[in-house]
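Summarising the annotation, TrEMBL assigns transmembrane segment to 12-31, 51-71, 98-117, 129-150, 170-194, 214-237, 249-266.
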Amino acid sequence: MTSPVNFGIERSLYIGNTLSSGLYVLAACVYGQILSRLRSTRCARRTKLFYSVYCTCLMFCLTVGTVDALYTAEKAWIEDRNNPGGPLASLMESQSNWLHTFSSVCIILADALNNGLMVQRCYLVWSYSIWIVSIPFLIALTSFVMSLLMTVQSASPDTTIYKGAALRDGVVWIALTTVFNVLITGAICLRLILTCRQYRDILPAESIKTYTSVMSVMVESSLPFSAVSLVYIGLLVANSPVEGTFSGIWANACVLSPMLIILKICKGSAWSRSAMSNVTLTTMIPGGLTTPGHTLMTCQEQELNLEDMRTLHSQV
């Protein structure tokens with residue numbers, strides 16, 4: 001008979017697979033929107049190719065992870081349910097097979113791609129300050145090394161990710177990734193809030209809101225992924241059976257977060273190189289600055305430097 005603890009683990013994995021399948025569909029929809037936007041956006045061919053390949057790699061990694069989770073569940077609860085040890089023994093045995101190892105490598109790659117994009121976005125938001133991203137970059141690099149060690153350990157015969165060196169390396173990997181995301185999220189949020197306060201008396205409210213609204217800050221800073229990472233590492237450290245639910249959610253959030261940022265870039269509403277240094281205005285009338293435009297990739301309107309805007313604002 002299955003013990004209450006084992007039953008909790010199996011229930012957690014079942015719920016995790018169900019939620020992860022729904023998130024996978026959402027990720028596929030976002031991926032389709034990105035490709036559609038890239039086809040209609042007027043930007044460099046090299047930029048389109050980069051974002052297309054980047055998002056395709058993320059979706060490939062997530063697809064492999066989803067297939068592995070569903071196949072492992074089907075094998076444990078249908079094919080091997082009457083074997084000695086029951087479904088839980090089958091789940092543990094699957095941790096060292098080739099598909100799970102390949103899936104782990106794909107999730108590690110997705111995490112590395114996400115970290116790379118977040119470092120680039122933080123570097124951009126902070127006006128190319130190398131000092132701001134230096135520590136997060138080193139943490140991300142260390143996290144990548146620990147993830148590789150975890151994969152090697154868990155792929156060894158008679159070893160699973162739930163015990164021994166593989167478990168230790170896995171916890172360290174997720175912990176470092178969580179620290180990285182919290183630092184990056186905090187840095188980007190801080191920059192956006194400071195920018196909002198600095199220019200709220202100069203720029204039109206709609207221009208500021210494009211980059212500093214609650215939804216914009218959440219997407220730009222990858223706040224949801226940082227929150228999921230904090231919960232996930234807490235469950236890992238506590239050795240909670242619920243960890244199985246959040247492992248799949250974490251993997252999907254790892255892919256969804258960067259794709260939402262890229263979708264925002266494709267729409268022209270993401271923070272860009274000229275987001276605050278140059279702001280476009282479509283109409284300027286006595287008594288104030290109205291009808292703001294935004295510095296989009298497709299925008300061909302006249303740009304006004306912030307220094308000129310300060311002069312105009314003081315004259316009005």
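Note: Cβ is positioned from N, Cα and C throughout, glycine not excepted.
Bear in mind that TrEMBL entries carry predicted annotations, made automatically and left uncurated.
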Closest-packing stretch to the transmembrane segment (12-31), where packing means Cβ pairs under 8 Å, from 51-71, 98-117, 170-194, 214-237, 249-266:
249-266
Residues sitting near the transmembrane segment (98-117): Cβ under 8 Å, six or more positions beyond its termini, same chain?
54, 57-58, 60-62, 64-65, 67-69, 71-72, 140, 143-144, 147-148, 150-151, 154-155, 161, 177, 180, 222, 225, 251, 254-255, 257-258, 261-262
Non-local residues, at least 6 beyond the ends, that sit with Cβ under 8 Å of the transmembrane segment (249-266):
16, 19-20, 23-24, 26-27, 30-31, 33-34, 37-38, 41, 51, 54-55, 58-59, 61-62, 65, 107, 110-111, 113-114, 117-118, 121, 174, 216, 219-220, 222, 224-225, 228-229, 232, 272, 297
I need to check the long-range neighbours of the transmembrane segment (170-194): which residues 6 or more away from its ends have a CB within less than 8 Å of a CB in the stretch?
111, 115, 118-119, 121-122, 125-126, 132, 135-136, 139-140, 142-143, 146-147, 150, 154, 161, 211-212, 216-217, 220-223, 225-226, 229-230, 232-233, 236-237, 250, 271
